[in-house]
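Asks: Starting off with a structure, shown below.
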Amino acid sequence: MGSRSSTRIPVPLMLIIRTALTLSCIRLTSSLDGRPLAAAGIVVTGDKAVNIYTSSQTGSIIVKLLPNMPKDKEVCAKAPLEAYNRTLTTLLTPLGDSIRRIQESVTTSGGRRQRRFIGAIIGSVALGVATAAQITAASALIQANQNAANILRLKESIAATNEAVHEVTDGLSQLAVAVGKMQQFVNDQFNNTAQELDCIKIAQQVGVELNLYLTELTTVFGPQITSPALTQLTIQALYNLAGGNMDYLLTKLGVGNNQLSSLIGSGLITGNPILYDSQTQILGIQVTLPSVGNLNNMRATYLETLSVSTTKGFASALVPKVVTQVGSVIEELDTSYCIGTDLDLYCTRIVTFPMSPGIYSCLSGNTSACMYSKTEGALTTPYMALKGSVIANCKLTTCRCADPPGIISQNYGEAVSLIDRHSCNVLSLDGITLRLSGEFDATYQKNISILDSQVIVTGNLDISTELGNVNNSISNALNKLEESNSKLDKVNVKLTSTSALITYIVLTVISLVFGVLSLVLACYLMYKQKAQQKTLLWLGNNTLDQMRATTKI
């Protein structure tokens, strides 16, 4: 197949606002209307808002792993804290060593820097092979080197504070928030309560909470064991480390509550460890967030197709999987540059492909313009749930209604059946029981038939069969041509020359003229002969009358 033309829109930061303003001038329209398409086996499964993003925002989380106990309770919690401290050091020291090796690999010499940089990466990978993601992570780690050094200068003050969350701004080039999940626990349980606890109970509570946090740390840094410092931390891992205090950093970086859940689901918020200090048990993580530009008038519509019944067999509609609509323009959307969530689509660039007039007309509601392929087999899932109702091909599967009892039949020539709560309350399909709560109102087109001219061949086997038929037709045509040539070869070429043809034409015209003249003369003679016969008959009759008159006298 030939390459398709496409519209490629890169989205550097300076173009985000310009693109958003341009698209905001276009008239807002409703999404693609799936009601006339459902009965043709084309189902609109949902819409997503289209956003463009670049990963440009960064901030730092300074995780305070070791909490400060109140003075009167330090002795009680000493044993579990010391055991916890030793376990932390054992667990995170390889991570800290790897971070230092990579950061120290930066030198002033360009060529030597590259060699030492790559060597540091490969030396920290267990298998000895550095992937592109690991190189990117190591590059980000080196870029955060100065910020990590600034944080280390403040480590004593960070470790000494009893605050669970506070901003660190002294000498830092980017926003940094110090958080302590364990400090939050200590503050809630011991500092901010008047309840007196005995020493044994304090040790038990602290020990249990520290063990739980160690389990979370082991889960978070499990991938770092095989490849220290080069594996990005997910947003879920960051929340495990920082607890609810993670929201403070995200809010400071400009992530609104309406975007937070969507961004968390997208996986675009990631973190890279940039420092670990075993003396104060300080862990620094650089968090990367995307700069998101929302395109208010642009949405992505997802389409699914069902295997429908046609007079040529089962077929599936030839439509794009995802289309985008801005105003009255509908084009196919390439989602390979996008990350999707339940409600949003985040793309580094917008790439669309124009559709043929036939597909455009089809998606606009003219189902007679839709084309179908016979590539779908009988084992294809012949039904789909849509808003509490079901669209099913009841010729491929048995549509058994349990309430009220009965079998739903599909009319001859009908592509699919639209089944809602008005026709069946409880539906059974291939052993799956569904309780229907939705309905297809009068705006849904029903009883759509697929014409033979709408079904084309696209599968490899079918194309081979059709090509065989074409070859047979061509062979038959060649045989007919050979017969014609053999007959033409028997014709005397001299008789078909130009002068001979002119002579034939002149003689033919002369013959026609003589023929016409002869015909006219013959007609004239016949007419004259008939006139003479009439005259003789009249004379004979008169003579007979005279003879009769004489005889009577």
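Just so it is clear, glycine is given a Cβ too, placed from its N, Cα and C backbone atoms.
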Asks: Mind checking which of Cys347, Cys370 has the disulfide with Cys362 in Swiss-Prot?
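Replies: As annotated by Swiss-Prot, the paired cysteine is Cys370.
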Asks: Given 142-170, 171-199, 200-228, 316-344, which one carries Swiss-Prot's coiled coil label?
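Replies: In Swiss-Prot, residues 142-170 carry the label coiled coil.
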Asks: Just going by other Cβ atoms within 10 Å, which of the recorded positions Cys347, Cys370, Cys523 has the emptiest spot?
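Replies: Across Cys347, Cys370, Cys523, these recorded positions, the one with fewest Cβ atoms within 10 Å is Cys523.
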Asks: Using DSSP reduced to three states, classify Cys370 (disulfide bond) as helix, strand or coil.
Replies: coil
Asks: Counting by DSSP, what is the helix, strand and coil composition of the topological domain 'Cytoplasmic' (522-553)?
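Replies: Each residue of the topological domain 'Cytoplasmic' (522-553) counted once, the result is 31 helix, 0 strand, 1 coil.
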Asks: Whole-number Å distance between the CA of Cys338 (disulfide bond) and the CA of Cys362 (disulfide bond)?
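Replies: Cα to Cα, Cys338 (disulfide bond) and Cys362 (disulfide bond) are separated by 26 Å.
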Asks: State the Cα to Cα distance, in Å, between Asn447 (N-linked glycosylation site) and Asn366 (N-linked glycosylation site), rounded to an integer.
Replies: 14
Asks: Cα-Cα separation of Cys370 (disulfide bond) and Asn85 (N-linked glycosylation site), in Å?
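Replies: Cα to Cα, Cys370 (disulfide bond) and Asn85 (N-linked glycosylation site) are separated by 68 Å.
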